[in-house]
Amino acid sequence: AALALLSGSVAALVVWKWLGRKMIQKKMEEARRSRDEGMKKMAKAVQQFREQVSSVQTDAILSLPLLELTGRLREGSLSPRTVLYTYLEKALEVTQQTNCLRHFIPECEEQLQEIQRHEEKGLLYGIPVSIKDHIGHKGHLATCGLVQCLGTLMEEDSVLVKVLKRQGAIPFAMTNVPQSLFSYDCSNPIFGQTLNPFNPQKSPGGSSGGEGALIAGGGSILGIGSDIGGSIRLPSSFCGLCGLKPTAERLRWVLGLPFQPCPCAVGPMARDVDSLALCMKALLCQEMFQLDPSVPPIPFNEEVYSSSTPLRVGYYDTDGYFPLPPCMRRAVKETRRALQAAGHQLVPFSPPRIPYVMTELFLKTFFGDGGRAWLDVFTGDIVDPGLKPEVNSCKMPRLVKKLLALLLKPLQFLLLLKLKDVAVISTCRSVKEMWSHHHQIQVYRSQFIAQWKELQLDVVLCPVLGPAFTRGYPGKLLTAISSTMLYNVLNFPAGVVPVSTVTEADEEELKLYQGCCDDPWDRTLKQAVSGAVGLPVAVQCVALPWQEELCLRFMKEVETLSRDR
């Protein structure tokens, strides 16, 4: 009888799991169907526009830089309707190649009518803007690539979307993201894998990977991403774009965010630095400050951005934690020489204690509870293959984690805990330890700023991870993002500028790359970035907190010098 009861219980459990999985599959299929129907509606709307207006110079419009396009729209030589439908058509083409869109925003046609009723033209009048999946738009989902988020439509626009609309922008598309946003690849079980527009074997980066692919493919002129470990800067690096992660509190996309020791920042992504500056200028307006009083009322400082005063630039080409491929270090060296030749003062700078920052500060912020809160978001979901290494690490019993940490302790210096750090990272076992952890982050920030001030630096030039990884590799190398995550811990503004492309010589030099100690993680990085000839190579530009204008001014200088070479 006991055996029969046990068999019956096991059978019931199997059936229950099977039914749960079927329910998940059904929800995912419905979400995909909804997306595909939205695409068809947009394609039909584009076709109708084409039939009405057959003489549109599509290539000419798509090639206009943002500043020139805003000028043409404001003077009336181009209509917002023509520009919107030109970008809608291109976005459809790009997403067919890269799977970068999660959904079109049909309300863009209502916003088109709305801006034409207003006498006052905002700074982004008539500009089509794409937004990352989780930046709320009324009537749409914010999925984060998770099944549990498929049933809840946003009741109102996020603060950021409201301000964009007030400035005359037309949000027209929401872009794909990795599941849970905690990845620098761009894949989720609902909407699938986004591809790099320059090479479909490569990742566009993440978590703002849909934005990266859409803008780099020419289907959007301006996008809004978010960044908690490099999620604006890594797609910008992988896709050859300019991207800015501001000080987190300088912009807000949702009211009432809880305190975070490593806060999430939202920022712009575009094809050039002037576009980023215009976007920041548009967003840092009275509307933003009134909608969210927790955003400091600091308007964009045009004088700082336009300045031509020589800068004192700190620089480094490695952080001593995860050695980057030769082409990324070459980019820093060439940019350093160009800046020096242009009259700027270059000073060697060495960021302190990066292994400590990576394992004790950054990862402990997210996995201080052993990853339990993160695991909760996968309840009733299918885990994306790219996230399975981290998810499986978090699922390990605490005793196993402790034993693993003990066994690996003698190897920590050698291995720098490059991969399975999620499994062996120490957790915050009490509220007291959590407060101590927050305090350690503040102490590190103070020490870093003191070192910066001692050298009297204005800005810092440093590497960013790249070139674009082969798809599937970001999940194997979580902590390769040390170059970007540092400035999330510090909450400094940091931006990425493309300055070169991978050469045959870079590819040859990569064959000799041994990284830190030619260990399995170094060899994995080598595999991840190989076969990248012709792909973009970028550098990272950093300023002190609240100095976005100075950071952008430095980025503009780097961009100008790279184009002159």
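Glycine is treated like the rest: Cβ placed from N, Cα and C.
TrEMBL does not curate its annotations; it predicts them automatically.
Taken from TrEMBL, the feature domain 'Amidase' covers 83-552.
Remark: Lys132 (active site, charge relay system) has Met174, Thr175, Val177, Ser207, Ser208, Gly210, Glu211, Gly223, Ile224, Gly225, Ser226 as non-local neighbours, by Cβ distance under 8 Å and separation of at least 6 in sequence. The active site, charge relay system annotation in TrEMBL covers Lys132 (among others).
Remark: Gly229 (substrate binding site) has Tyr184, Cys262, Phe362, Ile481, Thr484, Met485, Asn488 as non-local neighbours, by Cβ distance under 8 Å and separation of at least 6 in sequence. Marked as substrate binding site by TrEMBL: Leu181, Ser207, Ile228, Gly229, Gly230, Ser231.
When other Cβ atoms within 10 Å of the Cβ of Ser207 (substrate binding site) are tallied across all protein chains shown, the result is 33. Per TrEMBL, active site, charge relay system is recorded for Ser207 (among others).
For Ser231 (substrate binding site), the number of other Cβ atoms no farther than 10 Å from its own Cβ, over all displayed protein chains, is 34. Positions annotated as active site, acyl-ester intermediate by TrEMBL: Ser231.
Of all Cβ atoms in the protein chains displayed, 22 besides its own lie within 10 Å of the Cβ of Ile228 (substrate binding site).
If you draw a 10 Å sphere around the CB of Gly230 (substrate binding site), it holds 31 other CB atoms from the protein chains shown. Maximum intra-site Cα distance, substrate binding residues Leu181, Ser207, Ile228, Gly229, Gly230, Ser231: 11 Å. All protein chains included, Leu181 (substrate binding site) registers 22 other Cβ atoms within 10 Å of its own Cβ.
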